[in-house]
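Novice: Supplied in structure tokens, the structure appears directly below.
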Amino acid sequence: MVRVRADLQCFNPRDYQVELLDKATKKNTIVQLGTGSGKTFIAVLLLKEYGVQLFAPLDQGGKRAFFVVEKVNLVEQQAIHIEVHTSFKVGQVHGQTSSGLWDSKEQCDQFMKRHHVVVITAQCLLDLIRHAYLKIEDMCVLIFDECHHALGSQHPYRSIMVDYKLLKKDKPVPRVLGLTASLIKAKVAPEKLMEQLKKLESAMDSVIETASDLVSLSKYGAKPYEVVIICKDFEIGCLGIPNFDTVIEIFDETVAFVNTTTEFHPDLDLDPRRPIKDSLKTTRAVFRQLGPWAAWRTAQVWEKELGKIIKSQVLPDKTLRFLNMAKTSMITIKRLLEPEMKKIKSIEALRPYVPQRVIRLFEILETFNPEFQKERMKLEKAEHLSAIIFVDQRYIAYSLLLMMRHIKSWEPKFKFVNPDYVVGASGRNLASSDSQGLHKRQTEVLRRFHRNEINCLIATSVLEEGVDVKQCNLVIKFDRPLDMRSYVQSKGRARRAGSRYVITVEEKDTAACDSDLKDFQQIEKILLSRHRTVNNPIEDDSDRFEEFDVDSQMEPYVVEKTGATLKMSTAIALINRYCSKLPSDIFTRLVPHNQIIPIEENGVTKYCAELLLPINSPIKHAIVLKNPMPNKKTAQMAVALEACRQLHLEGELDDNLLPKGRESIAKLLEHIDEEPDEYAPGIAAKVGSSKRKQLYDKKIARALNESFVEADKECFIYAFELERFREAELTLNPKRRKFEDPFNYEYCFGFLSAKEIPKIPPFPVFLRQGNMKVRLIVAPKKTTVTAAQLQEIQLFHNYLFTQVLQMCKTGNLEFDGTSNAPLNTLIVPLNKRKDDMSYTINMKYVSEVVANMENMPRIPKDEVRRQYKFNAEDYKDAIVMPWYRNLEQPVFYYVAEILPEWRPSSKFPDTHFETFNEYFIKKYKLEIYDQNQSLLDVDFTSTRLNLLQPRIQNQPRRSRTVSNSSTSNIPQASASDSKESNTSVPHSSQRQILVPELMDIHPISATLWNVIAALPSIFYRVNQLLLTDELRETILVKAFGKEKTKLDDNVEWNSLAYATEYEEKQTIIVKKIQQLRDLNQKSIEDQERETRENDKIDDGEELFNIGVWDPEEAVRIGVEISSRDDRMDGEDQDTVGLTQGLHDGNISDEDDELPFVMHDYTARLTSNRNGIGAWSGSESIVPSGWGDWDGPEPDNSPMPFQILGGPGGLNVQALMADVGRVFDPSTASSSLSQTVQESTVSPPKQLTKEEEQFKKLQNDLLKQAKERLEALEMSEDMEKPRRLEDTVNLEDYGDDQENQEDENTPTNFPKTIDEEIEELSIGARKKQEIDDNAAKTDVLERENCEVLPVAINEKSRSFSFEKESKAINGRLIRQRSEEYVSHIDSDIGLGVSPCLLLTALTTSNAADGMSLERFETIGDSFLKFATTDYLYHTLLDQHEGKLSFARSKEVSNCNLYRLGKKLGIPQLIVANKFDAHDSWLPPCYIPTCDFKAPNTDDAEEKDNEIERILDGQVIEEKPENKTGWDIGGDVSKSTTDGIETITFPKQARVGNDDISPLPYNLLTQQHISDKSIADAVEALIGVHLLTLGPNPTLKVMNWMGLKVIQKDQKSDVPSPLLRFIDTPTNPNASLNFLNNLWQQFQFTQLEEKIGYRFKERAYLVQAFTHASYINNRVTGCYQRLEFLGDAVLDYMITRYLFEDSRQYSPGVLTDLRSALVNNTIFASLAVKFEFQKHFIAMCPGLYHMIEKFVKLCSERNFDTNFNAEMYMVTTEEEIDEGQEEDIEVPKAMGDIFESVAGAIYLDSGRNLDTTWQVIFHMMRGTIELCCANPPRSPIRELMEFEQSKVRFSKMERILESGKVRVTVEVVNNMRFTGMGRNYRIAKATAAKRALKYLHQIEQQRRQSPSLTTV
């Protein structure tokens, strides 16, 4: 027989508030909840549930709701609350209203017509009813606040309810909800209580519901074994403590003195008495309660604390004297107790000095010692201790911990106890930093308790209240429970089966304790008997089902494949587990919803059950039990078993019958995550990351590889036609040389090819003569060459590369004239004819060069020289070589100018030599014979072979190119002395003068030489463009099935063009956020003028501006913090949100380290309450999350001053900063967007004179100083619970004269669960009928969707961009005649231009003129969008968790890398800078060694593993062998307390990440990271999208292997309306229900706001339905739509930014995108358009959070300040430490904004145009604002702010939660931490915190530089 544990047999309970709401809709209910906002939550949601009746017009069955309050001041408060959360019009009525309501019934009717809900005082309502202005039957809901007043016989509540009951017999009456605080007083006799509850129920005609957190604890918590231990009284006076009287006397006298002193004037002095009183009070209390030993220890701690306060401040003398007095008292007490106490070193020695309660406590703990359990208790398996000890006061908790730690160190038998303590903050100021510090510490301690690192927790009541703690097996209430709440809460902590709940009580309190406990237990029974969870019974009324075998009732479910078996008895637990694994936010606990249906069979009642799973589960329909069961419990189990069966068939449970939850997904994601930690140094590289690099072969274009020319066979001649499009920059031509355009030369270079070569676009190269456009032109006629000619050509070709270009100096290349060379074309000089552009090979020239090539330079014989006659013609356009110098490495010069006035006899510029003649004789022993020759002014031939970018200007030249001015006629051979000249001689005067007679003239002319220098760059580019052309053809054939891929003869590609330095100045490419900010300052006319000028760039050529992100040094904003460092040294600056007084919280036995977390006075005296002290180090870092000002600003005061304390007393700088902020009207945000509402707060009046300001300032200072000292309150002795329970004593409200009618009223309290089930279902049915009548049925179907005028009137932005996006300046030129070709989708022309493909394959590492980054951004966004669209439409019943997982897998870098590698993309990628000498293989050359490095061994294996993971196979976990290689050498890694810490090394100055670990062959291989391949795939998507449009791009993505919807695939979108509730009798049930929801939540109103009318209204309802709203079974929740909408918004916004006329560089684009596409922005917009009023949810936590957020947004006027911390750029919501639950922005609000976008997209038939119109209407202001005042990434900003002084020093991964904490160090001594889901987010958070602090310091400095002292 199976006995089932009670907690496994019931479904997880719903939130008690939801439970209450459910009852309140179905029957009249009185709800009793504490003062929190729990009550209002239920009231507002009840009103929403009745929305259908309330919104219907009164003449069509509509009704009204009344919220009745006691006092006038509550009317407005409740009305505002209802208005924030609903779209009801709320009227307010009380005695003072002058609404004319009383004048006539017509007036009253008009008022009722205008308002749906009326908040009214009781008396007014009664009067209106009595005067027949209102009828009770016209109301649908009647809510009474503080309904216990109905017990008073004369109270209006009572009178209204009397009328109500009279009507009830024959008219429909409204639903009544009574709200009251707790009715259970701490000290009320149970019998009395019962009687009073019945009276109230009768008066209100309602049932009191007792569901609350307390009752759910009692009901669902395990029942522990309760024990009371009676101990001897502790009489401290009788212990014979030496010096006892003296000690007591010191206490009394000091306290008396402090209390009676009149020294401190309340308005003028800093009063230190609070901390002094606390120190005395706590020490004395410890002395009285725990004895002298504990008091001795406490006195030591206080002595230290007071000492700190004394040291910490510059305090007035009087204050100091007082503090010193207190410190002396502590020292005296310590000294008096020390002699005896110091001796104690064992528990026995301690025994006489402590109460028996403490000794008993240790005896109980000892029973958990494993050895004790084995030996004395004879237990086989030891039970591990997991205990909580509750005490009332914080300092008792602290002293008890000290005692435990010492006893543990004295007594080995207590070694197994690992204690710690948690206390709550004092409850006064929860925002203060010390409570945040405490909160953080509390989180940490509880986490360690969860993981059993701590097994004994000493706690104050903070833990009694809802802080989630794991189940314990021992709870000790050290101080007896004094009220019901304390009893139930503490008992509820003992949740483990067989746990013990122990109360220790002294003899004197025994009687009181006994009677209290009896009462508590009685009351608990009463409450439980009244709290029926009808559909989820724990005990069954009918019979105890444990008597028989449950599992025999129904066959177990068995999975054939694995043999996994599920029995009936365990099914419920599995359903609970499954629900908890569904995706939901932190506020929502998803639980199943079940209903029990009694059925009569042959006079016997049996039970059926139906189960509804949460609405985001794929199973949306109700799971119904076919065969009834004998009792309710078995019915529940059976329906759960059926549900599990269906879940398994749906694939929601795996074959082992376990939920496929987040864990398994997370495991898989680990392999493919977007490498969150990839930038963290020292973490092993994953597949797809930027860290993992591999080697790939470089590819040569097919056309160039197959172009080998054979003798006597026809071949093509290709000419390189150079045409200058811009003169050389003046900076690059300082001597103002004149250059001719190569286009006008009569000769040029080309090459021979056996095969025809495809057309490629022209491209630029940057020569000495200027910027050239290179065209590859084929000669009209083919040619043949003979074998002899071919040999000569090969020699010429070899000569160019070896001698002229010096390519073979390193000996790594050899010439290969056969077809073996990878690139085998031959270079030839060509003659060209201008008229018909025909080209012929200039063989004469070839022969001439070949004849002279061996012996250059030729040294002439002496007699030849004597004959030498100078002929100027020979030297024009010549290259000369001095033959008298180093012949091994000849130097070549261009002859720039012939100087006729210079002769060899001219004066030599250097003082050492008279003339040139003398110089040559002395230096070279050479005599110059021709004395009449002119000298030559020459320039160096450039050795720069990378001409793809213009030469960098203004850099000091290398030593060999500049001559020393003293010998400016001779080129320097030695570099040593030329260096000084660089700086002293202006460029233009540096001339190099040579003597013609001593030169040899090279056969190659200067102009051709120039072109030869360009050949490596030209060939390199031609090869690239041919490769990308091959890719274009492949895509046309394979993706589009095209046959024609060649360009027609009359068509050519547009030129490759990219912004170079000069052009960037001419056009707007926004590279830096700062630049954008500056640009925005310029007037718009300026911009327009500039744009007009840009359009006129010469040659009519449009420039293609892909922002080349130029990492030039960012300007540092100097913040020199070091000047103040001495002030900060006092404390450890580990600024992580803890205040200075709280140390690290790891208490050890050394007293020095004890953190006495009573209160941190130090911080309080240094800093203000809600401002930021300039130097209060850690205090400043506390994240408030919302700009500067915490509290609401005082209404009337124009000066929200804060008092800022600093180490020198008051911080006047900051004060002045504040004054500035208030008085300077210019700081008010200029209203940039017209949509922002005007501020409702009027600006402060200008104050007259500065003196007045100062007067006021002084008064304020004093006043606030006083307030601050008052706020230094230490917590009370008894720590108050955070949530004070208000209780109502019903006796106070009853009258003596009982009204007669009460006697006759039957009690409303149902007798059995069955009766209650019946009552509830009748209530629900009635409401439904009235709803259906009230709902208008004429809006069932709509024909079309439409965009409303409000959205069209926006400067309508269509989302269809021209096919060739302006952002890429369309690249396909057709012949000029054909201006524009229409862009219908089928017309993809010839695909994407090779230029664009090349850009998409060029990484930023290549330092080329273009890079893929911009395209990658848009491609990434489109990829996410297309994948999301596909998944949404194919995985129709998967919830958002699975969709997100599938998307992550698809768009992960790891998957893109894998696909890219399969397509051969790596061989096409340009990943490194072009270096002609080292890494380029010239035509007809092969490497001398054929070495080829392999990839690392495991690369292949890792790739295969990822392949399997992405295909969804299960991966065996391999044990990782730690080799020490997977982590960088300098990184230290350690794991302690479940936190893995990686400390990053200090970065060395030089570090090159790109260096391959192994040598490889640079000529044939390149080293590329996996991420670069993924990026290139995204960029290719981007460039196709921009050129061809979305549909063709989807085809390309499909070819790549990505899963996307094809245009021609018709994706059937099923209707969003789910029809599970339709029945044959009511075929339109679901439509009617949808209709009701539509009315109830007023979606027509919402449509007007957003400017779009839905055709399929179910989409909109779904978009607003939260997972917690179980009632909506007709559309499901918004999670899937949110998943879709997120991607739609991301793509649309990214595309919009991309197309902006200010071409944003990739970095700016990414920053703007992150700033606009994030939860905070979306949530703010949702609130701006009042989405929360239509939000369909039942989730208390979320409800309160939304309320806070709405308030915050309205205070800000819905102004999106992107630089406020809340809007700072981060990719996802990051988490502040210890505040996971405190994320200020309710994610659900952002989610519904996204789901609305998804809904519009689907409803409009997946039309982005329509969607963008509506979204742009809503977002326009925000987008424009963001571009006008762009935010920047916090990490980037921090690096620029403190460039050299920022270091991210360590990363900690909290193993349990997987969260990451990162520490950043700024200026060496300030540390900030950030926390997040992964390294990237955590790093951003840390940077944010650091920035926040630095900005504050900077601001204070800037605003008050002159103020340094008060």
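Cβ atoms here come from the backbone N, Cα and C positions, even for glycine.
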Novice: If I go by Swiss-Prot, which of Glu1648, Glu1656, Glu1682 binds Mg(2+) at the same site as Asp1791, Glu1794?
Specialist: Glu1682
Novice: To which of the residue ranges 145-148, 761-764, 1441-1444 does Swiss-Prot assign the term motif 'DEAH box'?
Specialist: 145-148
Novice: Mind checking how the domain 'Dicer dsRNA-binding fold' (571-667) divides into helix, strand and coil residues in DSSP?
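Specialist: With helix first, then strand, then coil, the domain 'Dicer dsRNA-binding fold' (571-667) has 35 helix, 23 strand, 39 coil.
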Novice: My understanding is the cutoff is Cβ-Cβ under 8 Å with a sequence separation of 6 or more in the same chain; which residues meet that for Glu1794 (Mg(2+) binding site)?
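Specialist: Looking at Cβ-Cβ distances below 8 Å from Glu1794 (Mg(2+) binding site), excluding near sequence neighbours, one finds Leu1681, Glu1682, Gly1685, Asp1686, Leu1689, Phe1722.
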Novice: Using DSSP, what is the helix/strand/coil residue split across the domain 'DRBM' (1833-1896)?
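Specialist: Secondary-structure breakdown of the domain 'DRBM' (1833-1896): 29 helix, 23 strand, 12 coil.
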Novice: Using an 8 Å cut-off from the Cβ centroid of Glu1682, Asp1791, Glu1794, can you name the remaining same-chain residues around the Mg(2+) site, in sequence order?
Specialist: Tyr1678, Gln1679, Leu1681, Phe1683, Gly1685, Asp1686, Phe1722, Gly1790, Ile1792, Phe1793, Ser1795, Gly1798
Novice: Let me know how many other Cβ atoms fall within 10 Å of the Cβ of Asp1791 (Mg(2+) binding site).
Specialist: 26
Novice: For the domain 'PAZ' (845-1003), report the average pLDDT of the model, please.
Specialist: 74
Novice: At a 10 Å cut-off from the C-beta of Glu1682 (Mg(2+) binding site), count the other C-beta atoms across all protein chains.
Specialist: 24
